[in-house]
Amino acid sequence: MFPALETHLKQTIPDPYEDFMYRHLQYYGYFKAQRGSLPNSATHQHVRKNNPQCLLNGSLGEKDDLIPDTLQKEKLLWPISLSSAVHRQIEAINRDFHSCLGWMQWRGLSSLQPPPPRFKDSPASAFRVAGITDSHMLSLPHLRSRQLLYDELDEVNPRLREPQELFSILSTKRPLQAPRWPIECEVIKENIHHIEWAPPQPEYFYQPKGNEKVPEIVGEKKGTVVYQLDSVPIEGSYFTSSRVGGKRGIVKELAVTLQGPEDNTLLFESRFESGNLQKAVRVDTYEYELTLRTDLYTNKHTQWFYFRVQNTRKDATYRFTIVNLLKPKSLYTVGMKPLLYSQLDANTRNIGWRREGNEIKYYKNNTDDGQQPFYCLTWTIQFPYDQDTCFFAHFYPYTYTDLQCYLLSVANNPIQSQFCKLQTLCRSLAGNTVYLLTITNPSQTPQEAAAKKAVVLSARVHPGESNGSWVMKGFLDFILSNSPDAQLLRDIFVFKVLPMLNPDGVIVGNYRCSLAGRDLNRHYKTILKESFPCIWYTRNMIKRLLEEREVLLYCDFHGHSRKNNIFLYGCNNNNRKYWLHERVFPLMLCKNAPDKFSFHSCNFKVQKCKEGTGRVVMWRMGILNSYTMESTFGGSTLGNKRDTHFTIEDLKSLGYHVCDTLLDFCDPDQMKFTQCLAELKELLRQEIHKKFHELGQDVDLEGSWSDISLSDIESSTSGSDSSLSDGLPVHLANIADELTQKKKMFKKKKKKSLQTRKQRNEQYQKKNLMQKLKLTEDTSEKAGFASTLQKQPTFFKNSENSSFLPMKNENPRLNETNLNRRDKDTPLDPSMATLILPKNKGRMQNKKPGFTVSCSPKRTINSSQEPAPGMKPNWPRSRYPATKRGCAAMAAYPSLHIYTYP
């Protein structure tokens, strides 16, 4: 321990780690305050658990005047925990140590010089003799370390303290971390910001009249391109690198140049955060055809749109038609309207996004180019002002910058930052931060902290489903408030919140995929950490959390494009002990928000195609209440909100209802839980009756009806089909495709040219004829060979021919088999006999008296079939090892059976 003592005696500057971090952050422009303003966050875990008041306010950019030095408090806590004997030992050590310091001052030594040798070992020896642990030594002011923490008083091995919270040394005046874009993307240097606004009156669905115009798609042939992105990463390419600001160089002006003040051409733009528009074609004075950009590095998923128009005219009726949507069904067919944002309205009247549009029609594209079918969305609109800047969107945008501004305000709040810890979970493919929030009140004891259950919430795994972010914002607003219910929830739960799982997709304006070109919500089982870091680290974090404590609930916030209202997808539990328990939370949520949430739209069937989703993977990991919350892009068909669009406030209120339902779900008085469970059983009974009635069957449910599989009763979910977005990331898939193409080309070179059926038949007949002729020739050849064997054996006495002539007529296909292995009554293959011509049969029988030619299915002995006379050849028997005494050998040919005897 003495080197540590010597080091601390030398130090006159702040902690080296903090000094290094100060210089590092100052170099990159993130910190310009005084060194003394660094917050003291080296808090002992034991102190934090027993003294919640000592929890650091890590968000302040100045020295915390509200919270005293926690290390000083920690130092005062040690005497409470130690015995009187240890107190006396520590006091003796302190006296010895201070005497050492006094001797140094008396000798005029600098604090940077070590003590003399005779005092060198004295303090450390005293500590070792007293048996004081390292953590006790840290209580001394001169031995205190801000980087080493001890969980217990008798802990020997220290641990490094956790990094300081994000934004803890930033203020709201400092710039945020700029979003990183793929290097192929051009980005305009403008800050796009929208105000939040709730319309005072309900925004009703559009009521189709039946006479809506269906414009014919004409494209560039008859129209004029007024906006088009030059460089768009398409299918076949893949993400390589990113940078702040995207593509290097000067940002080109893609919109057309106006010819004068009378030119009424609209100026389009979408090269900003979450923007998505690839091309605009002017087909008439006030009519435009729009083409959306697909998700980067794919050719799919065109649903989300968000773009800007300028140079508007107030009294004109404009028509916009999006020509390349991919989903055959949409909420636009049942009255959903697009969103409009007027910059002049926001500046002058404080009015934000609102639903606008008439003559709305969703229909199939009439173009047939042999590719996948496209669908069109057309609507008309009148802009409120001349020369206005307006935005259109599929739903209320919520960008990555919006999230960072919100988290920065939380980190700089002196109260909220005490129970909300902000960390970096990981970095995305482009290098953007994936944030993790841990929200809980400090516990009084370690036992109380360990007894807390966890709740995991996440959003924006699909970047185009911005409604998930608004629900998450409503949840955070409530759980971080000073409401008594929020304080109670923080007392009994540890909340792990992932507000944006796919920041890259949100930044570039994707609808469903990440920069890997794949749907992240199908890869929660992945092992490819480098390709899917956000999902891999999320699953790993939850896995570690399950090892520490029970996770009561997991919920992933999504958006739905084909069904109205809000509903949940869950997982049926096969454990009879917890039968129907997974449906209690959704039913409670339905009761708390009856005009928004539809329990009858919920589904709990686990499909094979959903095995890679977060909901199913977390359920497989042991989280019983694992859900996907689907909030519609449209509105409600329930209660007082029937046939009205959802607003931002409606979605944020759902976040509050989630918190309220959590309290009901965990109420010590289980009356609500029991009532919901009984109601669920009755609903299930009615559903079973309905199913059997549809099948025309009658069933008695008074018995063990609960044994009926719930998956058989429920229909499949109407969720999105992302099968095309499964599989390897794009860069690996491209490599696999290249290898497959090379294999196909290699095989193609070996293959012969294709033939017609007539040619194949002629070739087949010719081949069969050649085989028959060959079999006939083999029969004559083998018969001649057998007659040769019957001649005088002296033929083999010639040394020159003895080794050559027998091999001359030897057929390599000759197979010798032991005749004793076949029963005498077993018939030979009749098909073999038919292949021998009658004339050859007679000739062979006449020329080979020493051989028996069997062409009949049964062996018989007659005058024409006499056994061969006994003779013993004078060549060594070892020359034919397969021949044994007393055994007959059969030389088998494709069309002939010849029996020889030794």
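Every residue gets a Cβ built from N, Cα and C, even glycine.
Its Cβ taken as reference, Glu630 (active site, proton donor/acceptor) is surrounded by 27 other Cβ atoms within 10 Å in the chains shown. Glu630 (active site, proton donor/acceptor) falls within a strand when secondary structure is assigned with DSSP. Per Swiss-Prot, the feature active site, proton donor/acceptor maps to Glu630; the stated evidence is sequence analysis.
Sequence-distant neighbours of His558 (Zn(2+) binding site) (same chain, 6+ residues apart, CB-CB distance under 8 A): Val461, His462, Glu465, Gly468, Thr628, Met629, Glu630, Ser631. Residues annotated as Zn(2+) binding site in Swiss-Prot, with sequence analysis given as evidence: His462, Glu465, His558.
Annotation source Swiss-Prot lists compositional bias 'Basic residues' at 746-758.
The compositional bias 'Polar residues' annotation in Swiss-Prot covers 853-866.
Among the features that Swiss-Prot reports, region 'Disordered' is placed at 746-770 (among others).
Here Swiss-Prot flags 796-879 (among others) as region 'Disordered'.
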Additional residues around Zn(2+), ordered along the sequence, whose Cβ is within 8 Å of the centroid of His462, Glu465, His558:
Ala459, Arg460, Val461, Pro463, Gly464, Asn467, Gly468, Arg512, Asn521, Phe557, Gly559
Can you tell me whether DSSP puts Glu465 (Zn(2+) binding site) in helix, strand or coil?
coil
In three-state terms from DSSP, label His558 (Zn(2+) binding site) for me.
strand
Please report the number of other Cβ atoms within 10 Å of the Cβ of His462 (Zn(2+) binding site).
29
